Structures are given as C-alpha cells and as structure tokens.
Amino acid sequence: MSVTEIEEGIFESTATIDNGSFGTRTIRFETGRLALQAAGSVVAYLDDETMLLSTTAASKTPKDHFDFFPLTVDVEERMYAAGRIPGSFFRREGRPSTDAILTCRLIDRPLRPSFVSGLRNEIQVVVTVLSLNPADLYDVLAINAASASTQLAGLPFSGPVGGVRVALIEGQWVAFPTVEQLEKAVFDMVVAGRKVGTAGDSDVAIMMVEAEATDNVIALIDGGAGAPTETVVAEGLEAAKPFIAALCTAQEELAGSAAKPTGEFPLFPDYQDDVYAAVAAVATEPLSQALSIAGKAERDEKTDEIKVDVLGRLQEGFDGREKEIGAAFRSLTKKLVRQRILKDQFRIDGRGVTDIRALSAEVAVIPRAHGSALFERGETQIMGVTTLDMIKMAQQVDSLGPETTKRYMHHYNFPPFSTGETGRVGSPKRREIGHGALAERALIPVLPSIEEFPYAIRQVSEALGSNGSTSMGSVCASTLALLNAGVPLKAPVAGIAMGLVSDDIELADGTAERRFVALTDILGAEDAFGDMDFKVAGTKDFVTALQLDTKLDGIPSQVLAAALSQAKDARTTILEVMAEAIDAPDEMSPYAPRITTIKVPVDKIGEVIGPKGKMINSITEETGANISIEDDGTVFVGAADGASAQAAIDKINAIANPQLPKIGERFLGTVVKTTDFGAFVSLLPGRDGLVHISKLGKGKRIAKVEDVVKVGDKIQVEIADIDNRGKISLVPVGEEDAAEAPAPAEAQPADAVTQ
C-alpha cells in the first residue's frame, strides 16, 4: 500500500484485501478530482465498478448554544448508479430508503466518538452512491469513504476509521463478500474500528459491530456448517481486525499527502473543574442515596429534586453557568453509578451484575389481531402485533440493494409516553428505523419459507414502557406474537442487552487494577454511563443478531468472550419464561385469511388471467377470494373461509387443468347470453352450454327466453347431450331433482397446500 499522485493534485491510495480462494478485493481512495470546494472529499472504489463520493463540510462558526455535537450524516442513493430511473411519480429520488438510513447509522456510530469532545461546529458528511455493481453492497465502503473525507478536512478528528463486512463462508471469514457469496454464509458482520498503539505494537480497537445470521443459516447448519455461536462471533471480530488495519493504513497514507492542517476550532467543555468540585461537595452524599432507589420513577424524581437543590445552592457563586452545573451533576451521577458497579458489584436498582429484572410474557392480548403478545422486563414493556396477508402485500423495495421485495416487515414504534414524556408523534425517526431493522434481522433466520407458509407478515412492536433495551424486548414480543398467529417458527428467539463498565481501581496497597464488569439486562442509565453496550439475540443454540458500540480503545478478547457467554445464559433464562407463555404455534386466528397454494402450467397463466385481467377479476368477484399469480405458475388463493378459496381453486383448475364434462353431470351455472332460440349458460370458465327455448317452459310454450331467465341468473342444469363438435346441450333441473341428485363431478383440483 502506498499513495500515488496520478495527476497534479490528484492522489490515490489502495488497500488490497486477500480472501485466499475466495478472491481479492481492491478498495481505492482518490482525492483532488471531485467536489473540491468541500473541506474534504474522497471518491472510494470497490474493484473499480462500485464508486462512492464522500464529502465532509464544517460550519465556520460554532453553535455555542448547543449542548451536543451537531454531526449530520446523509447517504444519497442515485438510481443512475444501477442504470435505473426512480419508480416514484416524479421519477426522481425522494426520501432516503431504509438501506440509506441504516447506512447513515453505520457511519455515524464510529465517526461521532472520533471527534474531539466539546466541538460545536456543525459537521456534515454526505455520501453519494455514483455507481454500484449489483454483486456488491455499498454500506461498508461508505464507512471508509466518510472516514477518509473527514480525515482530509482539517478537523479535530482522531480517525481514520475502517469498516469491513466479514462473512463466515465454508469455515472462512471472507471480507467484502459479494451478494452471491453471502448466500452461502452462515453469519455476516459489519465491523468498524481504528488503529491504536505505536507503530511497532499496534492493534485495532473495535468501535461498532452490526451482525446477523443469514436467511438460510438453519439449512446450512443442517448441511454440516458450523453454527454461529458466541465463540464463533468472537473469532469473527478478531478476523476483521487485519482488514480494518489495512483500510486505516490506506486512509492514513492518503491523508499524509492530501490532508489539510487541523484548523483552530473553539471547544466548549461541558463544565469547568471549579463547577464540578462545587457540585461534588454538595451533591455526592444525597445523590449516592438517591441512586440506591430501585424504582426508576422514584429514583428519577429524587434525583431531579437534588439537582434543583444543587442549582439553587450554587446559583449565587456560579451565576449564568447553570448549564455547566447540570453537566457536572450528570458527570457526578455517572461516576457514582460506575464506582458502585466496579467496587461493590451492585447496580443502581439493587441487582447484581448478572441479574435479570422481573420477566412477564403473555399472548393473545388484542382480540381481533391475527397474533399479539405482551412482553415485560422490569419497566420495559413491549406489545407485539402480527398481521398476515397475501404474498402480494409484501413490501416493494425501490433502492439500490439486491432486495426488491420484503415478505417479512418489522416496524418499531417508540412514542414519547413510553418514557413519561411529551413529544412529536408521527413518521419514524432514524432510531426507530434502526431498532426495527435490528429486531427484524433477529427473526428472519427462523421464519418459515414461502412454500411452508405462503403469507406476507407484518410485525409491529409498540414500546409502551422504556427503561433499557426496547429493541431486544421487541425481539421477544415478536417471537411470542408470531407463534400466537400460527407462524411455524423454526426456533424461538430472545434478546438481551448487555453493558460493560471498566476503570482503574485503586487497591488497598496503593496500586491500581484495571477492572472490567459485564452487566446483564442494562437499564437506560447504565446504557448512557457505560463503556460499551451490546445487544445479542438468538435461539438456544446460536446467535441470530448482534449490535455493539464501545467507547473503549480495545477490549481484551477474554473479557468479550465472557460477556458473550453471560449474554447466552440470560437469553436461555428468557426463552424459558417465553416458553411458559407459548411453546408452539397456535391455531390461526379466525380473522386471519386462509391462503392455499396451487400450481398451474406456465403456458396457462395467460388464460387464467384473461384479456386485461377479465377472467381473474371475474373469479375474484364471484368467489370473494384474493388471487395472486407468480411467474413460475404458483397461484396463491386467499379468502376469509375455506369454501370461498375452494370455489376459486375449482374455477382456476377448470381453466388450467380442464376436464371435459360428461353427460348427466349437473351444474349451478350462470346465464351469460340469451337469444331467440335459447339461453347460453356458463358451466365452468370457458365452458358454456345451450338450454333450448323449448326446454325452458317446463312443457309449456314460451314466447321469449327473457320471460323465464335473464343474463346473470343462476340456473341448475344437467348435460343432456354433447355432439361430436363438443357442443353441449342442457336441460333445466328442478329444485327437487337437484336436491336428490348427487353432487356434480367438478374438475379435479391440482395438489394444494392450505395454511
């Protein structure tokens, strides 16, 4: 790896990723050609066909009234990158896709903690997808591009950050796998980190992980592949480090030739030392007592009272510095919470470090929902609701990713009342989309195939109460609701949120010892005050999803392995509680549609649909069933009851698998046409017969056919004759005769599977 000046002022550096028998991937960074007015701009290439432009810009003046770092990350998917015109009404890109939003979060999570604390200038990173090979995913390339452009921008940034996707394929961790290679993977991880240490003794500090088991993991395990256990996941994190180091080195080399010098940016520390000392003097003792209150509401109320008292007592000496007092009070709270965990192995709600809060699980909590459940863990309360529908109701995805439809959709809602607050209610924010995606990925590996369960599934998680990891609560509630809806999951899935606290603790002999304490089932405060939080979902046998964020410059591998093992113990406990509520799929709700799958010959699809959809629309109108036909001849028939579905199937089979009617068969037909000499009656789709006018009067002469029957009338008829040309002659059958007659022989249906 080295930097090259390919033209005057245009530099590039390259990182080569060697995957052995799985091939080599090349990541190239170029600067000096595009977007030259941005503070930093980089074009990143993956094997020359996938091309992203990342720009970083900074405001000239700080937002000194902000008490947070104003970083914005945007990902712009341009449909021309895949040679497509947008499918929207105006034929241009609109709101960002879910893939783009999730990529923004992947970029933000490792970049944000890499900026110096106290920075208040607005920073905006925009990544534009210019070209995309359909065999590639662009998200991890975007992490590297965003880091590289920020590294060049002259900002107080402690990068670079490297990002890599590694997938476990045939026992090997493969970096930057293609979409085709991912189909053979059992586990897929996006890992971001940065180099730490000296040149001779450098390591990679993992900053962020987003991981999941693949859709077909269970089939691969059954075929002999190793299951993605906690041990395997830890090995994958280690396997990602050399790739991250190579990507960081390439960015460093580019910055060495093209980066702007770091500018002068005013920093706004949260508080000065004199404020913290004053707050600690008056608040340490009462705050320590308040932090021992187990209940969240009572603890928060008492803490707020102490904060108001501290503000009042210090106002005279620190007039105009109320924000600093508030920040110092928060810092003191963090210190006390962490000290109690590290020294006493006890937490603010009185639990030990491995204890789980009280668990509760129940199903069928909403009367008319197809499936519903309520899962509670302490003060976190999640309601899961499942809705089943026809496959044609699957979500159509118009993005640059390989996925074009989503049969399983998970939507997560986090209303403000879940934390006892007021706020905006409406379209989901990025956080809600991210939490929903995590819970969705956790369940996908255990969902039945479309052949096993021909339904589109919408899962909604309502966060009704929040005090720690509503996303993992959503995983548990989703499993319960799906089973209640009758979905035959391959295994139940549960999730748990874990935390890690570390610090140097002074021992009795005056020496210091570095301690790491892993916390099971973290509270909201522990999430905010800890050094790492990670969420693990899975079955009793393997991990299905994992999300990790850390502020530490490196976690000892044995510490991480122990924390993952601790998470599995907690997950097993939760699965046992869930099994007491429901341990197998329930009978489907009477309000859920019944969907039957049949096959028709591909060359008969056009006949079933009819010109301009006339035939399929008539079947739908007559039977009340919903019908969806796939290109391979699979037909999904859905109806509120089995009789309607069977009527539609009979009509479809009569067209696609026709059986010639026989003399003596009786049908309830529909009059489709009247003439001077009789009435034509539809027996089956495409099969009509004639009732002569002389047969309509029951032995009496009639002047007009319309005096007896009209178009649209239903009439019971019997086949009297079929001539050598296939013309069918019918005679009316009286109600008495029809009641005594055996049921008519209908066309035999194709093999059907009913759910």
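Placement of Cβ uses the backbone N, Cα and C atoms for every residue, glycine included.
Cβ neighbour count for ASP533 (Mg(2+) binding site): 21 (other Cβ atoms within 10 Å of its Cβ, all protein chains included). Per Swiss-Prot, Mg(2+) binding site is recorded for ASP527, ASP533, and the stated evidence type is sequence analysis.
Positions annotated as domain 'KH' by Swiss-Prot: 593-652. Broken down with DSSP, the domain 'KH' (593-652) shows 32 helix, 16 strand, 12 coil.
The domain 'S1 motif' annotation in Swiss-Prot covers 664-733, and the record cites sequence analysis as its basis. When the domain 'S1 motif' (664-733) is classified with DSSP, helix, strand and coil residues number 7 helix, 37 strand, 26 coil.
Positions annotated as compositional bias 'Low complexity' by Swiss-Prot: 740-755.
DSSP gives ASP533 (Mg(2+) binding site) a strand state.
Neighbour list (ASP527 (Mg(2+) binding site), Cβ cut-off 8 Å, at least 6 residues apart, same chain): GLY468, SER469, ALA497, GLY499, ASP533.
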